[in-house]
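Copied from Swiss-Prot, the annotated features are:
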| type | residues | note |
| --- | --- | --- |
| ACT_SITE | His176 | active site, proton acceptor |
| BINDING | Val15, Asp36, Arg41, Tyr66, Ala119, Ser120, Asn121, Ser144 | NAD(+) binding site |
| BINDING | Gln83, Arg89, Asn121, Pro122, Val123, Asp124, Asp149, Thr150, Ala151, Arg152, Thr227 | substrate binding site |
| BINDING | Arg154, His169 | beta-D-fructose 1,6-bisphosphate binding site |
| MOD_RES | Tyr218 | phosphotyrosine |
Amino acid sequence: MKDHQKIILVGDGAVGSSYAFACVNLSIGQEFGIIDIDKDRTIGDAMDLSHAVPFSTPKKIYSANYSDCHDADLVVVTAGTAQKPGETRLDLVNRNIKIMKGIVDEVMASGFDGIFLIASNPVDILTYATWKFSGLPKERVIGSGTSLDTARFRMSIADYLKVDARNVHGYILGEHGDTQFPAWSHTTVGGLPITEWINEDEQGAMDTIFVSVRDAAYEIINKKGATFYGVAAALARITKAILNNENAILPLSVYLDGHYGMNDIYIGAPAVVNRQGVRHIVEMNLNDKEKEQMKNSADTLKKVLDDAMKQID
(Lines of atoms letter the chains of each structure in order from A and count residues from 1; the text may use other names and numbers.)
(Lines give C-alpha, C1' and ligand atoms only; values in the text may rest on other atoms or scores of the structure.)
Protein backbone atom coordinates (compact mmCIF):
# COMPACT_ATOMS: atom_id res chain seq x y z
CA MET A 1 0.00 0.00 0.00
CA LYS A 2 1.06 3.58 -0.59
CA ASP A 3 1.98 5.90 2.28
CA HIS A 4 -1.11 8.05 1.68
CA GLN A 5 -3.93 6.36 3.60
CA LYS A 6 -7.30 6.55 1.86
CA ILE A 7 -10.58 5.28 3.30
CA ILE A 8 -13.93 5.15 1.52
CA LEU A 9 -17.03 4.69 3.67
CA VAL A 10 -20.17 3.27 2.06
CA GLY A 11 -23.19 3.96 4.22
CA ASP A 12 -23.60 7.28 6.03
CA GLY A 13 -26.20 6.30 8.59
CA ALA A 14 -25.73 6.29 12.35
CA VAL A 15 -22.95 3.67 12.30
CA GLY A 16 -21.15 5.15 9.32
CA SER A 17 -21.16 8.74 10.53
CA SER A 18 -20.09 7.64 14.03
CA TYR A 19 -17.22 5.69 12.47
CA ALA A 20 -16.18 8.72 10.41
CA PHE A 21 -16.21 10.88 13.54
CA ALA A 22 -14.11 8.30 15.41
CA CYS A 23 -11.54 8.27 12.59
CA VAL A 24 -11.28 12.07 12.72
CA ASN A 25 -10.87 12.11 16.50
CA LEU A 26 -8.30 9.30 16.47
CA SER A 27 -6.33 10.75 13.53
CA ILE A 28 -6.90 7.65 11.40
CA GLY A 29 -6.28 8.00 7.66
CA GLN A 30 -5.41 11.03 5.56
CA GLU A 31 -8.24 10.94 3.04
CA PHE A 32 -11.82 10.00 3.84
CA GLY A 33 -14.58 9.77 1.23
CA ILE A 34 -18.24 9.16 2.08
CA ILE A 35 -20.76 7.41 -0.20
CA ASP A 36 -24.47 7.08 0.48
CA ILE A 37 -27.70 6.89 -1.48
CA ASP A 38 -28.53 10.25 0.15
CA LYS A 39 -25.94 12.48 -1.54
CA ASP A 40 -26.95 15.60 0.39
CA ARG A 41 -26.32 13.82 3.67
CA THR A 42 -22.77 12.93 2.63
CA ILE A 43 -22.10 16.52 1.61
CA GLY A 44 -23.40 17.78 4.94
CA ASP A 45 -21.50 15.19 6.95
CA ALA A 46 -18.27 15.90 5.06
CA MET A 47 -18.63 19.61 5.84
CA ASP A 48 -19.48 18.94 9.49
CA LEU A 49 -16.62 16.48 9.96
CA SER A 50 -14.13 18.79 8.25
CA HIS A 51 -14.86 21.37 10.94
CA ALA A 52 -13.56 18.88 13.52
CA VAL A 53 -10.27 18.38 11.65
CA PRO A 54 -8.50 21.41 13.24
CA PHE A 55 -8.86 19.64 16.59
CA SER A 56 -7.13 16.53 15.21
CA THR A 57 -4.65 16.06 12.36
CA PRO A 58 -4.98 17.16 8.71
CA LYS A 59 -7.39 15.03 6.70
CA LYS A 60 -9.27 15.47 3.43
CA ILE A 61 -12.95 14.63 3.91
CA TYR A 62 -15.45 14.74 1.07
CA SER A 63 -18.64 13.37 -0.46
CA ALA A 64 -17.42 10.58 -2.73
CA ASN A 65 -18.59 8.55 -5.71
CA TYR A 66 -17.89 4.87 -6.38
CA SER A 67 -15.23 5.87 -8.91
CA ASP A 68 -13.22 7.26 -5.98
CA CYS A 69 -12.74 3.70 -4.69
CA HIS A 70 -10.20 2.88 -7.41
CA ASP A 71 -7.15 3.80 -5.31
CA ALA A 72 -8.60 3.38 -1.81
CA ASP A 73 -6.67 1.33 0.72
CA LEU A 74 -9.83 0.40 2.56
CA VAL A 75 -13.54 0.37 1.72
CA VAL A 76 -15.69 0.17 4.84
CA VAL A 77 -19.32 -0.85 4.34
CA THR A 78 -21.94 0.01 6.95
CA ALA A 79 -24.86 0.36 4.50
CA GLY A 80 -28.01 -1.71 4.74
CA THR A 81 -31.37 -1.82 6.43
CA ALA A 82 -31.26 -1.57 10.19
CA GLN A 83 -32.27 -4.20 12.72
CA LYS A 84 -35.75 -3.50 14.09
CA PRO A 85 -36.99 -4.27 17.61
CA GLY A 86 -37.65 -8.00 17.86
CA GLU A 87 -35.51 -8.89 14.84
CA THR A 88 -32.36 -10.99 14.98
CA ARG A 89 -29.37 -10.06 12.84
CA LEU A 90 -30.03 -13.11 10.68
CA ASP A 91 -33.51 -11.77 9.89
CA LEU A 92 -31.83 -8.98 7.91
CA VAL A 93 -30.12 -11.24 5.40
CA ASN A 94 -32.73 -11.26 2.64
CA ARG A 95 -32.89 -7.47 2.54
CA ASN A 96 -29.21 -6.73 2.91
CA ILE A 97 -27.54 -9.32 0.69
CA LYS A 98 -29.03 -7.71 -2.42
CA ILE A 99 -27.92 -4.27 -1.25
CA MET A 100 -24.43 -5.66 -0.66
CA LYS A 101 -24.17 -7.11 -4.15
CA GLY A 102 -25.01 -3.75 -5.68
CA ILE A 103 -22.39 -2.02 -3.54
CA VAL A 104 -19.63 -4.54 -4.22
CA ASP A 105 -20.29 -4.49 -7.97
CA GLU A 106 -19.97 -0.69 -8.01
CA VAL A 107 -16.79 -0.71 -5.91
CA MET A 108 -15.09 -3.38 -8.02
CA ALA A 109 -16.06 -1.63 -11.27
CA SER A 110 -13.86 1.28 -10.14
CA GLY A 111 -10.75 -0.94 -10.23
CA PHE A 112 -10.57 -1.24 -6.44
CA ASP A 113 -7.80 -3.56 -5.23
CA GLY A 114 -7.64 -2.84 -1.52
CA ILE A 115 -9.29 -4.31 1.57
CA PHE A 116 -13.00 -4.58 2.31
CA LEU A 117 -14.12 -4.13 5.92
CA ILE A 118 -17.78 -5.09 6.39
CA ALA A 119 -19.97 -4.07 9.32
CA SER A 120 -23.47 -4.47 7.83
CA ASN A 121 -25.54 -7.21 9.45
CA PRO A 122 -25.67 -10.16 9.43
CA VAL A 123 -21.96 -9.42 9.21
CA ASP A 124 -20.60 -12.97 8.89
CA ILE A 125 -22.91 -13.76 5.98
CA LEU A 126 -22.45 -10.41 4.24
CA THR A 127 -18.68 -10.68 4.56
CA TYR A 128 -18.78 -14.08 2.88
CA ALA A 129 -21.04 -12.64 0.18
CA THR A 130 -18.64 -9.72 -0.34
CA TRP A 131 -15.77 -12.16 -0.80
CA LYS A 132 -17.76 -14.10 -3.38
CA PHE A 133 -19.04 -11.01 -5.21
CA SER A 134 -15.68 -9.21 -5.29
CA GLY A 135 -13.34 -12.02 -6.32
CA LEU A 136 -10.72 -10.58 -3.97
CA PRO A 137 -8.46 -12.87 -1.92
CA LYS A 138 -10.08 -14.00 1.33
CA GLU A 139 -7.34 -12.24 3.30
CA ARG A 140 -8.56 -8.89 1.98
CA VAL A 141 -12.22 -9.28 2.86
CA ILE A 142 -12.83 -8.88 6.59
CA GLY A 143 -15.89 -8.45 8.79
CA SER A 144 -16.13 -6.67 12.13
CA GLY A 145 -17.15 -10.05 13.55
CA THR A 146 -17.21 -10.35 17.32
CA SER A 147 -14.98 -7.34 17.98
CA LEU A 148 -17.80 -5.40 19.64
CA ASP A 149 -19.10 -8.46 21.50
CA THR A 150 -15.60 -9.07 22.83
CA ALA A 151 -15.34 -5.47 24.02
CA ARG A 152 -18.67 -5.79 25.81
CA PHE A 153 -17.50 -9.08 27.33
CA ARG A 154 -14.25 -7.62 28.66
CA MET A 155 -15.99 -4.53 30.00
CA SER A 156 -18.64 -6.57 31.81
CA ILE A 157 -16.06 -8.83 33.46
CA ALA A 158 -14.00 -5.79 34.43
CA ASP A 159 -17.04 -4.13 36.00
CA TYR A 160 -17.82 -7.28 37.99
CA LEU A 161 -14.25 -7.75 39.23
CA LYS A 162 -13.59 -4.01 39.60
CA VAL A 163 -10.48 -4.00 37.42
CA ASP A 164 -9.40 -2.13 34.29
CA ALA A 165 -10.99 -3.67 31.18
CA ARG A 166 -7.61 -3.45 29.43
CA ASN A 167 -6.36 -6.14 31.82
CA VAL A 168 -9.13 -8.57 30.85
CA HIS A 169 -8.21 -10.88 27.97
CA GLY A 170 -10.77 -13.16 26.40
CA TYR A 171 -12.82 -13.54 23.26
CA ILE A 172 -16.37 -13.99 22.12
CA LEU A 173 -16.26 -16.42 19.18
CA GLY A 174 -18.67 -17.54 16.48
CA GLU A 175 -21.54 -15.65 14.93
CA HIS A 176 -22.00 -11.96 15.64
CA GLY A 177 -25.45 -12.87 16.83
CA ASP A 178 -27.43 -15.27 18.97
CA THR A 179 -25.14 -18.34 18.64
CA GLN A 180 -21.97 -16.55 19.76
CA PHE A 181 -20.20 -17.88 22.86
CA PRO A 182 -17.39 -16.94 25.27
CA ALA A 183 -14.13 -18.87 25.22
CA TRP A 184 -14.05 -19.13 29.02
CA SER A 185 -11.20 -21.65 28.88
CA HIS A 186 -8.93 -18.92 27.49
CA THR A 187 -10.21 -15.94 29.49
CA THR A 188 -7.63 -14.36 31.78
CA VAL A 189 -7.46 -11.34 34.06
CA GLY A 190 -4.03 -9.96 34.88
CA GLY A 191 -2.48 -13.13 33.49
CA LEU A 192 -4.53 -15.44 35.72
CA PRO A 193 -7.36 -17.69 34.49
CA ILE A 194 -10.81 -16.26 35.20
CA THR A 195 -11.38 -19.23 37.54
CA GLU A 196 -8.71 -17.80 39.85
CA TRP A 197 -10.80 -14.65 40.30
CA ILE A 198 -14.19 -16.17 41.06
CA ASN A 199 -15.58 -18.75 43.45
CA GLU A 200 -17.59 -21.74 42.30
CA ASP A 201 -20.78 -20.08 43.50
CA GLU A 202 -20.05 -17.10 41.23
CA GLN A 203 -20.29 -19.13 38.02
CA GLY A 204 -23.91 -18.09 37.74
CA ALA A 205 -22.78 -14.46 37.68
CA MET A 206 -20.43 -15.25 34.79
CA ASP A 207 -23.28 -16.87 32.88
CA THR A 208 -25.40 -13.78 33.51
CA ILE A 209 -22.58 -11.58 32.23
CA PHE A 210 -22.45 -13.49 28.97
CA VAL A 211 -26.21 -13.35 28.45
CA SER A 212 -26.11 -9.58 28.99
CA VAL A 213 -23.30 -9.33 26.42
CA ARG A 214 -25.13 -11.47 23.87
CA ASP A 215 -28.39 -9.57 24.29
CA ALA A 216 -26.93 -6.07 24.70
CA ALA A 217 -27.84 -4.97 21.19
CA TYR A 218 -31.50 -5.91 21.68
CA GLU A 219 -31.69 -3.84 24.86
CA ILE A 220 -30.06 -0.82 23.21
CA ILE A 221 -32.28 -1.09 20.12
CA ASN A 222 -35.39 -1.24 22.31
CA LYS A 223 -34.29 1.87 24.20
CA LYS A 224 -32.76 4.12 21.50
CA GLY A 225 -33.52 2.44 18.19
CA ALA A 226 -30.03 1.39 17.12
CA THR A 227 -26.49 0.67 18.25
CA PHE A 228 -23.71 2.69 16.69
CA TYR A 229 -21.02 4.12 19.00
CA GLY A 230 -19.60 0.76 20.06
CA VAL A 231 -19.39 -0.73 16.58
CA ALA A 232 -18.00 2.54 15.22
CA ALA A 233 -15.19 2.40 17.78
CA ALA A 234 -14.53 -1.24 16.88
CA LEU A 235 -14.32 -0.35 13.18
CA ALA A 236 -11.94 2.49 13.94
CA ARG A 237 -9.70 0.11 15.90
CA ILE A 238 -9.66 -2.40 13.03
CA THR A 239 -8.97 0.38 10.52
CA LYS A 240 -6.03 1.63 12.58
CA ALA A 241 -4.58 -1.88 12.80
CA ILE A 242 -4.80 -2.32 9.04
CA LEU A 243 -3.52 1.07 7.90
CA ASN A 244 -0.71 1.21 10.47
CA ASN A 245 0.41 -2.36 9.73
CA GLU A 246 0.10 -3.26 13.40
CA ASN A 247 -0.11 -7.06 13.18
CA ALA A 248 -2.70 -6.73 15.92
CA ILE A 249 -4.75 -9.71 17.10
CA LEU A 250 -8.43 -8.83 16.88
CA PRO A 251 -11.64 -10.93 16.90
CA LEU A 252 -12.96 -10.56 13.35
CA SER A 253 -15.18 -12.31 10.86
CA VAL A 254 -12.58 -14.24 8.88
CA TYR A 255 -12.59 -17.05 6.35
CA LEU A 256 -11.92 -20.46 7.89
CA ASP A 257 -10.21 -23.05 5.73
CA GLY A 258 -9.73 -25.99 8.08
CA HIS A 259 -9.37 -23.82 11.20
CA TYR A 260 -11.48 -25.01 14.13
CA GLY A 261 -12.54 -27.91 11.91
CA MET A 262 -14.55 -25.50 9.72
CA ASN A 263 -14.39 -24.87 5.99
CA ASP A 264 -15.77 -22.30 3.56
CA ILE A 265 -17.31 -19.99 6.14
CA TYR A 266 -16.74 -16.53 7.59
CA ILE A 267 -17.14 -16.51 11.36
CA GLY A 268 -15.78 -14.68 14.42
CA ALA A 269 -12.28 -15.73 15.51
CA PRO A 270 -9.07 -13.98 16.59
CA ALA A 271 -6.81 -13.04 13.69
CA VAL A 272 -3.58 -11.14 13.07
CA VAL A 273 -4.29 -8.16 10.81
CA ASN A 274 -1.98 -5.76 9.01
CA ARG A 275 -1.96 -3.70 5.83
CA GLN A 276 -2.23 -6.85 3.71
CA GLY A 277 -5.40 -7.86 5.58
CA VAL A 278 -5.57 -11.10 7.56
CA ARG A 279 -2.05 -12.47 8.02
CA HIS A 280 -2.87 -15.38 10.32
CA ILE A 281 -5.87 -16.91 12.09
CA VAL A 282 -5.28 -17.72 15.75
CA GLU A 283 -6.66 -21.21 16.39
CA MET A 284 -7.41 -21.49 20.09
CA ASN A 285 -7.39 -24.89 21.77
CA LEU A 286 -11.05 -24.91 22.76
CA ASN A 287 -12.52 -27.35 25.25
CA ASP A 288 -15.18 -29.85 24.16
CA LYS A 289 -18.12 -27.61 25.09
CA GLU A 290 -16.64 -24.67 23.20
CA LYS A 291 -15.91 -26.82 20.15
CA GLU A 292 -19.55 -27.87 20.07
CA GLN A 293 -20.65 -24.25 20.44
CA MET A 294 -18.40 -23.24 17.54
CA LYS A 295 -19.87 -26.01 15.39
CA ASN A 296 -23.41 -25.00 16.30
CA SER A 297 -22.69 -21.39 15.40
CA ALA A 298 -21.13 -22.37 12.08
CA ASP A 299 -24.01 -24.72 11.23
CA THR A 300 -26.53 -21.95 11.92
CA LEU A 301 -24.67 -19.51 9.68
CA LYS A 302 -24.18 -22.08 6.91
CA LYS A 303 -27.89 -22.78 6.62
CA VAL A 304 -28.82 -19.11 6.38
CA LEU A 305 -25.90 -18.42 4.04
CA ASP A 306 -26.82 -21.21 1.63
CA ASP A 307 -30.41 -19.97 1.43
CA ALA A 308 -29.30 -16.36 0.96
CA MET A 309 -26.80 -17.07 -1.80
CA LYS A 310 -29.46 -18.97 -3.76
CA GLN A 311 -31.35 -15.70 -4.10
CA ILE A 312 -28.42 -14.17 -5.93
CA ASP A 313 -27.38 -17.18 -8.07
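Any Cβ shown, glycine's included, is placed from N, Cα and C.
On the structure: features taken from Swiss-Prot.
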residue: Arg41; record: NAD(+) binding site; Cβ within 10 Å: 16
residue: Ser120; record: NAD(+) binding site; Cβ within 10 Å: 29
residue: Val123; record: substrate binding site; Cβ within 10 Å: 29
residue: Asp149; record: substrate binding site; Cβ within 10 Å: 29
residue: Ala151; record: substrate binding site; Cβ within 10 Å: 19
residue: Arg154; record: beta-D-fructose 1,6-bisphosphate binding site; Cβ within 10 Å: 22
residue: His169; record: beta-D-fructose 1,6-bisphosphate binding site; Cβ within 10 Å: 15
residue: His176; record: active site, proton acceptor; Cβ within 10 Å: 31
residue: Tyr218; record: phosphotyrosine; Cβ within 10 Å: 16
residue: Thr227; record: substrate binding site; Cβ within 10 Å: 20
Does DSSP give His169 (beta-D-fructose 1,6-bisphosphate binding site) helix, strand or coil?
strand
Are there recorded positions among Asp149, Ala151, His176 that sit within 10 Å of Val15 (NAD(+) binding site), Cα to Cα? If so, list them; otherwise say none.
none
Relative to the Cβ of Tyr66 (NAD(+) binding site), which residues of the same chain, six or more apart in sequence, are found under 8 Å away?
Ile35, Glu106, Val107, Ala109, Ser110
Inter-residue C-alpha distance, Asp36 (NAD(+) binding site) and Ala151 (substrate binding site) (nearest angstrom)
28
What whole-number Å value do you get for the CA-CA distance of His169 (beta-D-fructose 1,6-bisphosphate binding site) and Ser144 (NAD(+) binding site)?
18
Tell me the Cα distance separating Arg154 (beta-D-fructose 1,6-bisphosphate binding site) from Val123 (substrate binding site), rounded to the nearest angstrom.
21
Running the recorded positions Asn121, Ser144, Arg154, His176, Tyr218 through a 10 angstrom C-alpha radius around Gln83 (substrate binding site) leaves Asn121, Tyr218
